[in-house]
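Annotated features in Swiss-Prot:
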ACT_SITE  Asp126  active site, proton acceptor
ACT_SITE  Arg128  active site, nucleophile
BINDING   Arg49, Ile50, His51, Ser52, Glu53, Gln70, Glu92, Gly93, Arg94, Thr114, Thr149, Lys154  GTP binding site
BINDING   Cys54, Cys65, Cys67  Zn(2+) binding site
Amino acid sequence: MSIKYVATSKLPTPWGVFAMHGFEDTETGKEHVALTFGTLNSDAPVLGRIHSECLTGDALFSLRCDCGFQLQTAMQNIAETGSGFILYLRQEGRGIGLLNKIRAYELQDKGANTVEANEQLGFPADMRKYDMIQPMLEQIGVKHVRLMTNNPRKVKAMKEIGIEVVERVPLQVGKNRYNEAYLKTKSTELGHMMSEYHFTDEE
């Protein structure tokens, strides 16, 4: 994989001014983003998140998932901490793309869970890859991470590329009546480490 750094700009947000670093995968044409806040110390653990694109949750306020809640909470946590990063990866629908995600939602509306819907469309439950994160983290100067995630695959991916995950920080927010079954499936079938007692209900 060939990841090329492109440019950096300021990104004012409700939680403060982040820096937005643009990257291009020259093999696939996909464009990824790293957000950084404050001064990142390469010798100390940095609070961060690897976030896969979710148009419906991040931008359209969907209650079918917890993605938008996780992104906003991660940005708020980073701002309150004073420094940190988010890698925003263009892997919509756990890697199957937006239109296939809508097809999967249609199957879920008919009774399939999130894993079954992917499989009925001929896809694995999770097609995401994380090999692009190494050059992105190298560019922003991060070697040791306090990773905000419930997904053990992300912890494993970081360790495999030589990034030390000092701590896994749970990010359990956004549970509501529309996504309760989805979150349960992520826990029971995809191995996400979640406890219903830590969710913040959003009705």
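Including glycine, each Cβ sits where the backbone N, Cα and C put it.
Here the structure is a predicted model, which means the values were calculated and not measured.
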Compare the C-alpha of His51 (GTP binding site) with the C-alpha of each of the recorded positions Cys65, Cys67, Asp126, Arg128, and give the closest one. Cys67
For the recorded Zn(2+) site formed by Cys54, Cys65, Cys67, name the remaining residues of the chain with Cβ within 8 Å of the site's Cβ center, in chain order. Thr56, Gly57, Asp58, Ser62, Arg64, Asp66, Gly68, Gln70
Per DSSP (three-state), Cys54 (Zn(2+) binding site) is coil
Rounding to whole Å, the Cα atoms of Cys54 (Zn(2+) binding site) and Arg94 (GTP binding site) are apart by 9
Nearest to Glu53 (GTP binding site) by C-alpha distance, among the recorded positions Cys65, Cys67, Asp126, Arg128, is Cys67
Cys54, Cys65: which of these binding-site residues has the sparsest Cβ neighbourhood within 10 Å? Cys65
DSSP on Cys65 (Zn(2+) binding site), three-state: which is it? coil
Quick note, Cys67 (Zn(2+) binding site) and the residue listed as 'active site, nucleophile': C-alpha atoms separated, nearest Å, by 15
